[in-house]
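So the structure is just underneath, and the comments pick up after that.
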Amino acid sequence: VHSALIMSGRVGDEFQMKEIGGDISSAPSSRRHHSGRFPYIHKLGKPPKQNLLKEISTAVKETFFSDDPFRSFKDQPKSKKFMLGVQAVFPIFDWARDYSLAKFKGDLIAGLTIASLCIPQAYLCMWILAMQSLLICLLKMDYVNSSFVPPLVYAFMGSSRDIAIGPVAVVSLLLGDLLQAEIDPNDLIPYRRLAFTATFFAGLTQLALGFFRLGFLIEFLSHAAIVGFMGGAAITIALQQLKGLLGIKKNFTKKTDIVSVLRSVFNSAHHGGKRNKKYFWVPAVAPMVSVVVSTFCVYITRADKDGVQIVNHIEKGINPASANDLFLSGEHVGKAFRIGVVAGIIALTEAIAIGRTFAAMKSYQIDGNKEMVALGTMNIIGSLTSCYVATGSFSRSAVNYMSGCHTAVSNIVMAGVVFLTLELITPLFKYTPNAILASIIIAAVVNLLDYEAAILIWKIDKFDFVACMGAFFGVVFISVEIGLLIAVSLSLAKILLQVTRPRTAVLGKLPRTSVYRNTLQYPEARQVPGVLIIRVDSAIYFTNSNYIKERILRWLTEEEERVDECHLPKIQHLIVEMSPVTDIDTSGIHALEELYKNLQKREIQLALANPGTIVMDKLYQSEFADEIGENNIFLSVGDAIHTFAPKTSITEEP
């Protein structure tokens, strides 16, 4: 049954119909009757009774399989289904069929470009994780390794064409901070083993979320919270580099909050590391020169003998397998699991956001759950091959995109270059000064301070800005874990606030139309004398049902006071516009019943306009539709107003 409102003033059987969601023209006149100037009022149809099993299956499908992943398998022979299954797990076998030399040229250039960024950035992440110079020798290639193994795995299993995989600063900071809270970094072997075990559990968390299609859980970390968290992480990372930049050797705090770090810096000002002024210019100007130049300068001048701290010996080649290094029993398993879950979710959130960003720019889609499986698998394999948590890097992904990449082959090219670096070039980094790493980190993390995004968040949503600043100050003044907890808590608080305190609005009629809109948004909208129209902009659940009832009654009280002051007709009808109400539960039904009884005492008739199918079904099942009367449930606000027009002395617009 079409919902239509016939505009008055037309002659004959030609009517122009206004339908909710669109216009209907040239409607058959035999289906409608026109008497005088009042339109035909459609009766709201009673929805068919829903099958319980079908309702449950539909809810499960929309929650976990909204993308209909098995659509392509329908009506296919077994051999085809097998190939589709292989392609679903390994997308490379799908897009490789159309791969060409032209695409390879673009991927080759992009791969070489991001490799040139990935190697020094891998060392930066290694430095961030280490925090202590004693760890550099041990960690040597674990982070460069993370730019070799994970990208290869992702190239076969990932669905993004543009994302560049490897270690990133924020995850490295989080991982390092959590690890140091559990094991003294000077206890080298257990520290490293805990890091590998945490990486294993991070991958397992990501894989489980993707396999069980629970990716929607990461949406609880809002964009505003991520902006604040990243900004706070940038400050924390930069502060931690003061030790290497200033040459402080002793008594530097292991804490990450700004107060502790600055106290260590000032306390160490009188007895800093031994330095020769002749060579102090090397770390001083390190942010403006490349790693190669600074390393060469230290080598030819042997500045390390005069107090300039360097990375020291780093062995060449790929690190050995680390499967035997994992903590699979004992007290450290629980610690590694907790660290891995947190690091895995942060890494996953960053990678999915990056993948979706570049996919939108190139007009293709990525499968979020497949991405989680791919990222989880690569981190599990990485943990067994001396790698730490890897994820998508926004800076390298942007370079990858701008360099003209076409497929994930650019990650394979990057991994190949990293392999050659591991085999041939790595020992040359022995003389790289710690100060150059520290200063480059500081220069790099400045980009994480996205003040423009913070300004935009302030303009759009003040509560989002509170979440952003809460995460920022939590990281800067307390710790990374607390900052992350604040970010998640404020994101959840916003959701709860919106659910428990939904918006409502008083509607009025726009002049010379049959459209009813929010009177605050459209001041020219006129309220209908004797009628109060309230729109509820949310589903009605146990969390908000009582508030909605009380808010509607408060609107009514305020309107009655205004009516008395202006000597206007008394309110006789209250219409609840329910178009935005997608669902209602038993508490919501009880709230409507209480509202109805309250209005009866005031001699005001309650009417409902445009309830959806699910809401209508529950209104009938609860018998509230019979209680209020089917003749008081309308297809639209316009229908309700036309029904009540004789009682409220409405003057039609010309």
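For all residues, glycine too, the Cβ spot is worked out from N, Cα and C.
Unlike curated records, TrEMBL annotations are generated automatically.
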From the ranges 120-139, 220-239, pick the one that TrEMBL records as transmembrane segment. 220-239
Cβ pairs under 8 Å between the transmembrane segment (336-360) and the transmembrane segment (411-429), at least three: no
Can you give the mean pLDDT for the domain 'STAS' (521-644), rounded to a whole number? 91
If you count Cβ pairs under 8 Å, which stretch among 372-391, 411-429, 470-493 touches the transmembrane segment (163-181) the most? 372-391
